[in-house]
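Peer 1: Let me give you the structure first, and then I'll get to my questions.
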Amino acid sequence: MVCLKTLSVFLAAFAVADARAVFKTQSNKNGEMIADNYIVVMKDGVSHDDFKAHVSSVASIHTTNKAKRGTNTAGMKREFDIMNWRGYHGHFDRDTLEEILNDSKVSYVEQDQVVRISGLTTQRSAPSWGLGRVSHRRAGSRDYVFDDSAGRGVTIYGVDTGIDIRHQDFGGRARWGTNTADRDNADRHGHGTHTASTFAGTAFGIAKNANIVAVKVLGSDGSGSTSGIIAGINYCVQDAQQRGILGKAAMNLSLGGGFSQANNDAVTRAQNAGIFVAVAAGNDNRDARAYSPASAPAVCTVASSTIQDSKSSFSNWGSIVDIYAPGSDIIAARPGGGSQSMSGTSMASPHVAGMGAYLIGMGADPRRVCDQLKQLSTPAISNPGSGTTNRLLYNGSGQ
């Protein structure tokens, strides 16, 4: 079950006043906390000007406390504004945190945590079976049957380890977006290139005509932070808004960490803004409600299936899962050229992101796509898991 605990009106070390913002902490073993790093979320209705005034005040308070006590905290790091859901990430000492919590404009404060990819690399070459499976009611076909519009006019944001945008599988349809993880824009891991190839590659992908945007939020070791993920989501929404493609966009997040209300709130705002959001359920063979962003009810949470139409042994499960998609031994592009096989709910999620773009390209509303995918799905999973839906992704090809 969800393990986020609200400490009512108390910090762990000292009592606080009744009017203070809520301090949320993770008491579950899924969360790997980042010391003295916090995500601060403002109350709904706080104006842009009031938000900027608050940020300026916090920066000043931090500078004063740092000089007074000699702490080595970095202070304000980045701001978020996702369709008026406003907040920021910072590295603060306890005294500055106290001041933040006492501000009536703050809704809640959450400690930042590590987020990791949800994929496992296996051998470098394997038969590709996922495309055939999602375009046929029955297992066994290697043919991918699809409408040739294939996501044309739709943009998919790959929020991941980066993407090799020059890979031949993308046919010039991929562009660079932003990097909230490090100073190296290359995909040194391979995970992001693989997932992008799955959702929109020419050879390996579902939506073969969709545009692709690389949003790097994880480093070469496949890890990042909740604050970095939110910054990436913030970029996606603002980019889509500026380009006038809200309603013609999708987002894939093949990653996860312990439960985070801030992470869930961010993806919910993106989904409600008109970007279809697909997320990996996670790879711990546990209830996905304990993970974020998988536990956000508004997004499409994806579990992994095998070529035998069974639940992948590693896949998370539970009532929050919306749909299964192929995730074991999936072959797709690797950085620098060529291909490789990977397994994980990371590989299942981009099948759904690509299928979402496929439907959006045919006129579907991104806010209704997950429900439409569930209606189209095939009840084929032999052991979906306790309380988990028996729905396998299908594109409605008639095969």
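Here the Cβ of each residue, glycine as well, is placed from N, Cα and C on the backbone.
From a predicted model like this one, the values you see are computed outputs, not experimental measurements.
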Peer 1: Looking at Asn102, Asn395, which one is marked N-linked glycosylation site in Swiss-Prot?
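Peer 2: Comparing Asn102, Asn395 with the record, Swiss-Prot tags Asn395 as N-linked glycosylation site.
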Peer 1: Pick from 160-179, 300-319, 380-399: which range has region 'Disordered' per Swiss-Prot?
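Peer 2: Comparing 160-179, 300-319, 380-399 with Swiss-Prot, region 'Disordered' matches 380-399.
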Peer 1: Validating a neighbour-count step here. Other CB atoms within 10 A of the CB of Asp160 (active site, charge relay system): how many?
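Peer 2: So the number of other Cβ atoms within 10 Å of Asp160 (active site, charge relay system) is 31.
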Peer 1: For Asn252, Ser346, Asn395, listed as recorded positions, tell me which one has the smallest number of other Cβ atoms within 10 Å.
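Peer 2: Taking Asn252, Ser346, Asn395 as the recorded positions, the minimal 10 Å Cβ count falls on Asn395.
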Peer 1: I need the CA-to-CA distance for His191 (active site, charge relay system) versus Asn252 (N-linked glycosylation site), whole Å please.
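Peer 2: That comes out at 12 Å between the alpha carbons.
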Peer 1: Under the DSSP assignment, what numbers of helix, strand and coil residues are found in the compositional bias 'Polar residues' (380-392)?
Peer 2: 0 helix, 1 strand, 12 coil
Peer 1: When a 10 Å sphere is centred on the Cβ of His191 (active site, charge relay system), how many other Cβ atoms does it contain?
Peer 2: 31
Peer 1: Within the domain 'Peptidase S8' (128-399) only, compute the mean pLDDT.
Peer 2: 97
